[in-house]
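For reference, the structure discussed in these notes is given below.
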């Protein structure tokens, strides 16, 4: 009896759980024979073999796994015969073109080249370096140092792609391996000849490799069987069960078009023998079914067809699996209700029963409910409906917008329960809910809503109702109120009151010069607060100071707005009246005399006239102008008072009159000329003599300067009342300061006031500016003033362009006025006038008119351009192509929009014409964009979809991490791939969509990937058999219970179990060595140096 060894470590639990119950049964002769022997479980190491040199070489299973260390640098020698050398000049060996080529190859590849000449004048080249560098250098040597020959090899056109390989990798490898250049004809070239160029040796190798690839592909075959579509289900079987068995049995690939594709062709690919076997088996099934099957036609309501089909066709597959009968359903776009059952006669009855059972398993019903109640039935975020659907998940509830009914669909029993629940909800809502609709002009909707929805939210919360105000794009004036009946009525009343109040509201724009805005508002808004308190229902809006706008907006009830407008006009009129000002020129040295001691003189003028008198400050440019502000009457009175003061200060008599008024001026000159002393006669004397004492030259210069000053003063005083006047219309006074009311000369005689002239064309008093001073300077000033008189011209501008010239908030017209320094007056909109008035200096008008006309040309060009850009084009495209035209994240449609500068609008979800795409832009661009879209559509229409069967176990690997693999395949072959979702009827069915030739290439690539990945899958599954229990936890427990107590991992005939015999420690069989030292081989070149 043989001995048995028992190992009981817990590390062998997995091995124990993998044993079959028969293997773990109690000990017996049969059980013991079934145990593995020690040699089977632990195979012995091979014997040591003696090398010819007598040195023991170790070559066994242990040492063979230890990979020896190799140098990464290799050396290869290439020989170029004399007849194939490019450079045959022996005298230039090592120099010339040949040497330059070698140096260039070394730089390019990084390899080291050594050349030598053989006795037969052939060239030997030793190349050292990394493997890839040596191979590249070899290719360069062959192409550049060796003469090239060429040859052609003919193989079938369909084999060319296998020579190229994936991404051209096979072709590159072949060229590198044979050191040749291989040219394969393009796909559109009908030639099947492949051209090879290189050395004779390389040509032979390349031809041999290409013919080997072609011969390997010759072993494969493709067969296409045309079988009526109605028999495809019998060949595929339920859930493709039968076709999978055929593929497993024959080893061939069988591709059956899916039911949705109207193709009768079944494609079988694989080895010739496999394909032939599969074709015969398919034909056999077809002939048998064609002979034995018959059909019956039954009428089933169109609405019930989907229940016969089932989700993803599962019900049809279920009927086929149960009865072996195929059920043919008419397409959705057909109005036919005829369902055809095809199968063996004895099975048709059972299948018909199944069809009727599935068709009648679901019922469609409806519940009457007003459309406005639907959202209350659904509840907030669908809460009410969720309670029903959770209890009856098989019942489908559909609400149709604008329809006063709810459609229910589902199992009859469940549907009746859901219907009763919804009817109860509808009845309850009808008893305690009401609605009302009011009509309000859409322009008031935003005011009803309020800022941030404040008004409408308050009404909703206060009356516990729902208020629906239509969005702007609906252009509807109906507002719907829903909720508690009393709340609905109260909310309706308040909304109507608000609407009535808004209809009575009016918005009025007042033109008030911006300089008055601050005065109207007052300090900290005190004055405007008084106005608002007086007119509480009127909203007064002042423009932002930065806008420089004169428009003040009033909004409120019509009557209140009118009252407020009149009040504001009155306030502005008073400000204008009190802001009349006149600038009076008075010498700086006389200002203190006008003010008087302690301000007595100026206070007297202010009190008597009521005008304000403003003296220049240190920052003012003109220090001799005194400004008088107030009403026009008060300003003129104050001006007269100031004139009287000036006259009393300046008392000049020509000849015998005293010049004492000028003594102050003359005294100031004493210090300018070397300290000349100036002595004036005493006051009260009649002497006019002034005595100068000092150096002779200084006295002469001072005397000369004094005479000049006296002459100027005398001239000024003589001409003071001989004034000049310039007539300027009151509308043009804006460019000048108002004149002092000095006496003027009329008809050559000074009379102190202006008389009304008989001639109506004569200038008015308010149109006159007074100038005083020396005659020649007054005349020069008159000419200068005339040059500054503004002129008005009229420019014809089409009325429809006025608003564009004014610009947003007047920005356009302000820019032009600032740029050309003119005033531009645009007529009021109600006048519908085409004339724009431009006022300014004559020198500025031409430039302003030219700028205005240029702007008109620009606007007209923009209008024409806008009209050209508004060209609309509509293209009809099947909605199923819309996502493809849009592209991923809108990439394709964005590119078309940018490239052609157009706007492309796709239909909204609720649009009637879902197939209409609108293109807006220039006509030429729109046409080009249409052609681009049509090209995409044409390409999509040319595409086909084919279903192939790929083992579901390789799907994840083909898809790759985050879809990287599938995206690469789709980009490479320009196709679309659709993998089945979890729970699909056929988990192995993959759909490939694209152009026919690209689809075929993609399918071949996918099948190649499947073949490659399936090898790994099979290998992994075979490993898993040994790594995990074969059954579930429950079955493992049952097996454990059946086996009884575990004995661990058991082997027979172990060496340590031999009775009464000690183990032989020197036995190589019992205790094999892991290897023996190997003596270094002697080299014929001597010992290696390190």
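Glycine too: its Cβ is placed from the backbone N, Cα and C atoms.
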Which listed span TrEMBL calls region 'Disordered', if the choices are 1-57, 58-114: 1-57
Can you say which of 147-215, 219-287, 789-857, 869-938 has the most Cβ pairs under 8 Å with the domain 'K Homology' (504-573)? 789-857
Could you give me the DSSP helix, strand and coil counts for the domain 'K Homology' (219-287)? 37 helix, 17 strand, 15 coil
For the domain 'K Homology' (942-1011), would you mind checking the mean pLDDT of the predicted model? 86
Counting by DSSP secondary structure, give me helix, strand and coil numbers for the domain 'K Homology' (578-647). 37 helix, 15 strand, 18 coil
